Amino acid sequence: MNERSTPQALTGPVIRAESLGKTYSEGKLLTQVFDGLDLQVMRGETVAIVGASGAGKSTLLHLLGGLDVPTAGEVYVAGQRMSALSDGDRGRLRNKTLGFIYQFHHLLPEFTALENVMMPVLLSGQSVCSAKMRAQMLLEAVELGHRLNHKPSELSGGERQRAAVARALANSPDCVLGDEPTGNLDNRTASTVFELMLELNRAQRTSLVLVTHDRGLARCLDRVLELYQGGLRELTSAEV
(Lines of atoms letter the chains of each structure in order from A and count residues from 1; the text may use other names and numbers.)
(Lines give C-alpha, C1' and ligand atoms only; values in the text may rest on other atoms or scores of the structure.)
Protein backbone atom coordinates (compact mmCIF):
# COMPACT_ATOMS: atom_id res chain seq x y z
CA MET A 1 0.00 0.00 0.00
CA ASN A 2 0.98 3.61 -0.36
CA GLU A 3 3.56 4.58 2.23
CA ARG A 4 2.66 8.25 2.35
CA SER A 5 0.97 9.05 5.64
CA THR A 6 -2.56 10.29 6.01
CA PRO A 7 -2.46 14.12 6.24
CA GLN A 8 -2.24 15.21 9.86
CA ALA A 9 -3.40 18.79 9.36
CA LEU A 10 -6.87 17.63 8.38
CA THR A 11 -8.60 15.89 11.26
CA GLY A 12 -11.94 14.26 11.76
CA PRO A 13 -13.87 11.92 9.48
CA VAL A 14 -15.58 13.26 6.39
CA ILE A 15 -17.66 10.06 6.22
CA ARG A 16 -18.57 7.82 9.14
CA ALA A 17 -20.73 4.71 9.13
CA GLU A 18 -21.90 3.22 12.42
CA SER A 19 -23.36 -0.29 12.80
CA LEU A 20 -24.53 -0.17 9.20
CA GLY A 21 -26.96 -2.83 8.08
CA LYS A 22 -28.64 -3.44 4.73
CA THR A 23 -31.17 -6.14 3.93
CA TYR A 24 -33.04 -6.64 0.68
CA SER A 25 -36.35 -8.45 0.50
CA GLU A 26 -37.75 -10.28 -2.50
CA GLY A 27 -41.05 -11.83 -1.57
CA LYS A 28 -40.37 -13.89 1.55
CA LEU A 29 -36.66 -14.10 0.81
CA LEU A 30 -34.42 -11.76 2.85
CA THR A 31 -30.84 -11.13 1.77
CA GLN A 32 -28.56 -9.47 4.31
CA VAL A 33 -25.72 -7.53 2.69
CA PHE A 34 -24.22 -5.83 5.76
CA ASP A 35 -24.54 -6.36 9.48
CA GLY A 36 -22.96 -3.97 11.98
CA LEU A 37 -20.51 -2.47 9.49
CA ASP A 38 -18.35 0.40 10.76
CA LEU A 39 -16.18 2.74 8.69
CA GLN A 40 -14.42 6.07 9.06
CA VAL A 41 -12.85 8.00 6.20
CA MET A 42 -10.61 10.81 7.37
CA ARG A 43 -10.13 14.09 5.52
CA GLY A 44 -7.52 13.76 2.80
CA GLU A 45 -7.38 9.96 3.14
CA THR A 46 -7.52 7.52 0.23
CA VAL A 47 -9.32 4.22 0.77
CA ALA A 48 -9.82 1.24 -1.54
CA ILE A 49 -12.74 -1.14 -1.05
CA VAL A 50 -12.23 -4.58 -2.54
CA GLY A 51 -14.17 -7.82 -2.37
CA ALA A 52 -15.78 -10.58 -4.36
CA SER A 53 -18.41 -9.83 -6.98
CA GLY A 54 -21.80 -9.56 -5.30
CA ALA A 55 -20.31 -8.76 -1.88
CA GLY A 56 -22.07 -5.39 -1.85
CA LYS A 57 -19.30 -2.94 -2.71
CA SER A 58 -21.49 -0.72 -4.90
CA THR A 59 -24.31 -0.92 -2.36
CA LEU A 60 -21.95 0.30 0.35
CA LEU A 61 -20.82 3.21 -1.82
CA HIS A 62 -24.46 4.18 -2.44
CA LEU A 63 -25.16 4.14 1.30
CA LEU A 64 -22.09 6.25 2.08
CA GLY A 65 -23.15 8.75 -0.58
CA GLY A 66 -26.74 8.99 0.59
CA LEU A 67 -28.06 7.48 -2.64
CA ASP A 68 -29.65 4.62 -0.70
CA VAL A 69 -30.81 4.24 2.91
CA PRO A 70 -29.55 1.59 5.34
CA THR A 71 -31.84 -0.90 7.03
CA ALA A 72 -29.97 -0.27 10.28
CA GLY A 73 -27.28 2.06 11.56
CA GLU A 74 -26.31 5.56 10.54
CA VAL A 75 -24.18 7.34 7.96
CA TYR A 76 -22.67 10.74 8.79
CA VAL A 77 -21.33 13.00 6.04
CA ALA A 78 -19.35 16.07 7.13
CA GLY A 79 -20.72 15.46 10.63
CA GLN A 80 -24.36 15.46 9.55
CA ARG A 81 -26.57 12.43 10.12
CA MET A 82 -28.02 11.58 6.74
CA SER A 83 -31.21 10.01 8.11
CA ALA A 84 -32.08 13.28 9.87
CA LEU A 85 -32.08 15.29 6.64
CA SER A 86 -34.93 15.87 4.23
CA ASP A 87 -34.51 14.64 0.66
CA GLY A 88 -33.75 18.20 -0.45
CA ASP A 89 -31.18 18.83 2.28
CA ARG A 90 -29.56 15.46 1.62
CA GLY A 91 -29.26 16.31 -2.07
CA ARG A 92 -27.72 19.69 -1.30
CA LEU A 93 -25.23 18.11 1.11
CA ARG A 94 -24.26 15.55 -1.54
CA ASN A 95 -23.75 18.24 -4.17
CA LYS A 96 -21.61 20.34 -1.84
CA THR A 97 -19.63 17.68 0.01
CA LEU A 98 -19.35 14.63 -2.25
CA GLY A 99 -18.29 13.88 -5.79
CA PHE A 100 -19.16 10.70 -7.67
CA ILE A 101 -17.31 8.85 -10.45
CA TYR A 102 -18.70 5.69 -12.00
CA GLN A 103 -17.38 3.00 -14.32
CA PHE A 104 -19.39 4.64 -17.09
CA HIS A 105 -18.95 8.39 -17.28
CA HIS A 106 -22.67 9.37 -17.19
CA LEU A 107 -21.96 12.64 -18.98
CA LEU A 108 -25.07 14.19 -20.49
CA PRO A 109 -24.72 13.58 -24.24
CA GLU A 110 -26.40 16.78 -25.42
CA PHE A 111 -23.98 19.04 -23.52
CA THR A 112 -20.31 19.83 -24.06
CA ALA A 113 -17.56 18.81 -21.67
CA LEU A 114 -17.51 22.36 -20.32
CA GLU A 115 -21.27 22.42 -19.76
CA ASN A 116 -21.24 19.01 -18.07
CA VAL A 117 -18.63 20.16 -15.56
CA MET A 118 -20.42 23.47 -15.01
CA MET A 119 -23.66 21.82 -13.92
CA PRO A 120 -22.81 20.88 -10.31
CA VAL A 121 -21.50 24.42 -9.75
CA LEU A 122 -24.69 25.95 -11.14
CA LEU A 123 -26.79 23.62 -8.98
CA SER A 124 -24.93 24.89 -5.93
CA GLY A 125 -26.23 28.39 -6.70
CA GLN A 126 -23.13 29.99 -8.18
CA SER A 127 -23.23 32.27 -11.20
CA VAL A 128 -22.74 31.13 -14.78
CA CYS A 129 -19.49 33.09 -14.90
CA SER A 130 -18.13 31.39 -11.76
CA ALA A 131 -19.25 27.98 -12.99
CA LYS A 132 -17.57 28.49 -16.34
CA MET A 133 -14.30 29.60 -14.78
CA ARG A 134 -14.27 26.66 -12.36
CA ALA A 135 -15.14 24.12 -15.07
CA GLN A 136 -12.51 25.47 -17.46
CA MET A 137 -9.83 25.34 -14.76
CA LEU A 138 -10.67 21.73 -13.89
CA LEU A 139 -10.80 20.60 -17.51
CA GLU A 140 -7.40 22.17 -18.08
CA ALA A 141 -6.14 20.34 -14.97
CA VAL A 142 -7.23 17.02 -16.50
CA GLU A 143 -5.63 18.00 -19.83
CA LEU A 144 -8.90 18.64 -21.66
CA GLY A 145 -8.49 22.37 -22.12
CA HIS A 146 -8.48 21.84 -25.88
CA ARG A 147 -11.73 19.83 -25.77
CA LEU A 148 -14.00 22.20 -23.83
CA ASN A 149 -16.63 22.50 -26.52
CA HIS A 150 -16.71 18.85 -27.55
CA LYS A 151 -19.69 16.67 -26.68
CA PRO A 152 -19.14 13.23 -25.09
CA SER A 153 -19.62 11.48 -28.43
CA GLU A 154 -16.66 13.46 -29.77
CA LEU A 155 -14.34 12.40 -26.93
CA SER A 156 -12.39 9.18 -26.47
CA GLY A 157 -13.18 6.83 -23.59
CA GLY A 158 -10.29 8.15 -21.54
CA GLU A 159 -11.24 11.75 -22.26
CA ARG A 160 -14.82 11.13 -21.18
CA GLN A 161 -13.65 9.62 -17.91
CA ARG A 162 -11.28 12.52 -17.30
CA ALA A 163 -14.20 14.89 -17.84
CA ALA A 164 -16.15 12.83 -15.29
CA VAL A 165 -13.29 13.28 -12.80
CA ALA A 166 -13.38 17.04 -13.40
CA ARG A 167 -17.15 17.07 -12.86
CA ALA A 168 -16.78 15.13 -9.59
CA LEU A 169 -14.42 17.83 -8.32
CA ALA A 170 -16.51 20.77 -9.52
CA ASN A 171 -17.64 21.88 -6.05
CA SER A 172 -14.33 21.09 -4.29
CA PRO A 173 -15.91 18.16 -2.42
CA ASP A 174 -14.55 16.81 0.84
CA CYS A 175 -14.68 13.29 -0.58
CA VAL A 176 -14.98 11.60 -3.98
CA LEU A 177 -16.68 8.20 -4.18
CA GLY A 178 -15.61 6.12 -7.16
CA ASP A 179 -17.30 2.90 -8.29
CA GLU A 180 -14.78 1.10 -10.54
CA PRO A 181 -13.90 4.47 -12.13
CA THR A 182 -11.23 2.92 -14.35
CA GLY A 183 -12.91 -0.45 -14.90
CA ASN A 184 -14.11 0.34 -18.41
CA LEU A 185 -10.74 1.58 -19.69
CA ASP A 186 -7.70 -0.12 -21.18
CA ASN A 187 -4.74 -0.56 -18.83
CA ARG A 188 -2.77 2.44 -20.08
CA THR A 189 -5.73 4.83 -19.96
CA ALA A 190 -6.86 3.43 -16.61
CA SER A 191 -3.42 4.11 -15.13
CA THR A 192 -3.48 7.68 -16.48
CA VAL A 193 -6.93 8.42 -15.02
CA PHE A 194 -6.00 6.82 -11.69
CA GLU A 195 -2.79 8.84 -11.38
CA LEU A 196 -4.80 11.94 -12.18
CA MET A 197 -7.18 11.22 -9.30
CA LEU A 198 -4.25 10.78 -6.92
CA GLU A 199 -2.66 14.03 -8.10
CA LEU A 200 -5.90 15.90 -7.49
CA ASN A 201 -6.21 14.24 -4.08
CA ARG A 202 -2.79 15.56 -3.14
CA ALA A 203 -3.46 19.03 -4.58
CA GLN A 204 -6.96 19.54 -3.15
CA ARG A 205 -6.83 17.27 -0.07
CA THR A 206 -9.97 15.55 -1.28
CA SER A 207 -10.61 12.16 0.30
CA LEU A 208 -11.05 9.24 -2.10
CA VAL A 209 -13.09 6.09 -1.54
CA LEU A 210 -12.67 3.81 -4.54
CA VAL A 211 -14.33 0.48 -5.20
CA THR A 212 -11.95 -1.50 -7.39
CA HIS A 213 -11.15 -5.07 -8.40
CA ASP A 214 -7.60 -4.02 -9.35
CA ARG A 215 -5.32 -4.87 -6.43
CA GLY A 216 -2.44 -3.05 -8.11
CA LEU A 217 -4.36 0.22 -8.00
CA ALA A 218 -5.59 -0.52 -4.48
CA ARG A 219 -2.00 -0.79 -3.21
CA CYS A 220 -1.43 2.87 -4.13
CA LEU A 221 -4.01 4.06 -1.59
CA ASP A 222 -3.60 4.70 2.13
CA ARG A 223 -5.83 1.81 3.21
CA VAL A 224 -7.35 -1.25 1.57
CA LEU A 225 -10.55 -2.61 3.09
CA GLU A 226 -12.08 -5.93 2.09
CA LEU A 227 -15.84 -6.38 2.19
CA TYR A 228 -16.31 -9.89 3.52
CA GLN A 229 -19.25 -11.64 5.17
CA GLY A 230 -21.14 -8.42 5.76
CA GLY A 231 -18.29 -6.46 7.32
CA LEU A 232 -15.04 -4.69 6.51
CA ARG A 233 -11.55 -5.79 7.41
CA GLU A 234 -8.36 -3.88 6.73
CA LEU A 235 -5.82 -5.76 4.64
CA THR A 236 -2.11 -5.73 5.31
CA SER A 237 0.35 -4.95 2.54
CA ALA A 238 1.11 -8.66 2.22
CA GLU A 239 -2.59 -9.52 1.83
CA VAL A 240 -3.17 -6.95 -0.90
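Every residue gets a Cβ built from N, Cα and C, even glycine.
Per Swiss-Prot, the features are:
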DOMAIN    15-240  domain 'ABC transporter'
BINDING   Gly51, Ala52, Ser53, Gly54, Ala55, Gly56, Lys57, Ser58  ATP binding site
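Swiss-Prot feature annotations superimposed on the structure.
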residue	record	Cβ within 10 Å
Gly51	ATP binding site	18
Ala52	ATP binding site	11
Ser53	ATP binding site	6
Gly54	ATP binding site	9
Ala55	ATP binding site	18
Gly56	ATP binding site	21
Lys57	ATP binding site	22
Ser58	ATP binding site	17
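Within 8 Å of the Cβ centroid of the ATP site, not counting the listed residues Gly51, Ala52, Ser53, Gly54, Ala55, Gly56, Lys57, Ser58, the chain contributes Leu227.
Look at Ala52 (ATP binding site): DSSP puts it in coil.
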